[in-house]
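Student: Sharing a structure here in structure tokens format.
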Amino acid sequence: MKTLLLTLVMVTIMCLDLGYTLTCYKGYHDTVVCKPHETICYRYLVPATHGNAIPARGCGTSCPGGNHPVCCSTDLCNK
């Protein structure tokens, strides 16, 4: 009985994500699982040609500079 209980506990631990990991957008549709020390999703605009701007997205440890930065700390919040 103890062996069965121990086995169930081990399977549960292996299947669950016990350490919370943040997921952010890296591109328009691509996502990335952040490293444990990266606790912020960011988005900012990178100037491009002809007055256009390209959004840069990803994970970080702090809010980066740039044009119109958006920083947040929940999954997929940097759309």
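Placement of Cβ uses the backbone N, Cα and C atoms for every residue, glycine included.
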Student: According to Swiss-Prot, which candidate among Cys15, Cys59, Cys63 shares a disulfide with Cys34?
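Tutor: Disulfide pairing in Swiss-Prot: Cys34 with Cys59.
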Student: Please work out, from what Swiss-Prot records, which of Cys63, Cys77 forms the disulfide with Cys71.
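Tutor: Between Cys71 and one of Cys63, Cys77, Swiss-Prot records a disulfide, namely with Cys63.
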Student: Find the shortest Cα-Cα separation between Cys77 (disulfide bond) and the disulfide-bonded residues Cys34, Cys41, Cys59, Cys63, and name the residue that gives it.
Tutor: Cys41
Student: State the three-class DSSP label for Cys77 (disulfide bond), counting H, G and I as helix, E and B as strand, and everything else as coil.
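Tutor: Coil, per DSSP.
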Student: Within 10 Å of Cys34 (disulfide bond), Cα to Cα, which of the disulfide-bonded residues Cys24, Cys41, Cys63 are there?
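Tutor: Correct set: Cys24, Cys41.
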